[in-house]
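In what follows, a single structure is set out as structure tokens and then discussed.
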């Protein structure tokens, strides 16, 4: 196997890690309702993540300060869309919508990313890729409606869903701009810089929220939630996603979002004692088939 093939494999592995971490993040976001307010969760998530990263990245931050200074506008824009906005929209939306609707709305990310990639990067869209996108979306739909199309009539959208849409748009912009700017920084340094720039943008909203909502209690449940979101959705997911986008591009990377309901179902079976039904398996197979079709050229390169 050639070196480019190995790089694609590592990229796909990083993207899978990101999606698995975000599946846990969506579950935890719902579990935190009533315990930790949205901006408090976003602020302390990134604060703890930064504290975990700095012992390993501070030397890189110093040695690459000229690159950071030269690209501060691009880095600030990336931080705004990812660290500041995307997660804040997600946690705000989780207060008033269901996990099913979060999955449904998030499945728009590949389509919106493809449109923005075409608009900003002039990325062509092949018939095979478009067919794969539609097939994967159909697989997501099968899982959401539990294999019964009559359930479509029971789907109701509310303000929380619109907030998730805002997060979807932010993440699509982030993925496309990540490929456009291609800032030459080591992964840990890049992520630490994003947090350092994005965290101050969350702070005013967190301070405003503290005046309106009683601060959360630092008990066992809330401590576990904070440590989980700091390690997996923040550090592991962002490192995996950023490297994946750099290697295979935002369009291919965004297709992995379709695996989110599959991983969410797996986590529900493992940790919430929910049952696995045939529609989970069928929908998962349809999603994987769509992913394979959409990324056929890249998969052929792995042979």
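Glycine is no exception: its Cβ is also placed from the backbone N, Cα and C atoms.
Annotated in TrEMBL:
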- 11-144: domain 'EamA' (DOMAIN)
- 160-295: domain 'EamA' (DOMAIN)
- 41-62: transmembrane segment (TRANSMEM)
- 74-94: transmembrane segment (TRANSMEM)
- 100-121: transmembrane segment (TRANSMEM)
- 133-149: transmembrane segment (TRANSMEM)
- 155-176: transmembrane segment (TRANSMEM)
- 188-208: transmembrane segment (TRANSMEM)
- 223-241: transmembrane segment (TRANSMEM)
- 253-272: transmembrane segment (TRANSMEM)
- 278-299: transmembrane segment (TRANSMEM)
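A contact between the transmembrane segment (188-208) and the transmembrane segment (41-62) is present, since 3 or more of their C-beta pairs, 6 or more residues apart, lie under 8 Å. If you look at the transmembrane segment (74-94) against the transmembrane segment (155-176), you find at least three C-beta pairs under 8 angstroms, all six or more positions apart, and that counts as contact. By the Cβ criterion (under 8 Å, sequence separation of 6 or more), the transmembrane segment (155-176) is not in contact with the transmembrane segment (41-62), since fewer than 3 such pairs are found. Secondary structure of the domain 'EamA' (160-295), assigned with DSSP and counted as helix (H, G, I), strand (E, B) and coil, comes to 116 helix, 0 strand, 20 coil.
Between the transmembrane segment (223-241) and the listed ranges 41-62, 100-121, 133-149, 253-272, the one holding the most Cβ pairs under 8 Å is 41-62. Mean pLDDT of the predicted structure over the domain 'EamA' (11-144): 86. As a summary of secondary structure, the domain 'EamA' (11-144) carries 114 helix, 0 strand, 20 coil according to DSSP.
Nonlocal intrachain contacts for the transmembrane segment (133-149), taken as residues 6+ away from its ends with a CB within less than 8 angstroms of a stretch CB, comprise 100, 103-104, 107, 110-111, 114, 155, 255, 258, 261-262, 265, 277-280, 282-291, 293-294. Same-chain residues lying 6+ beyond the ends of the transmembrane segment (253-272) with a Cβ under 8 Å from its Cβ atoms: 11-12, 15-16, 18-20, 22-24, 26-27, 99, 103, 106-107, 109-110, 113-114, 132-133, 136-137, 139-140, 143-144, 172, 175, 241, 244-245, 280, 283-284, 287-288, 290-291, 294-295.
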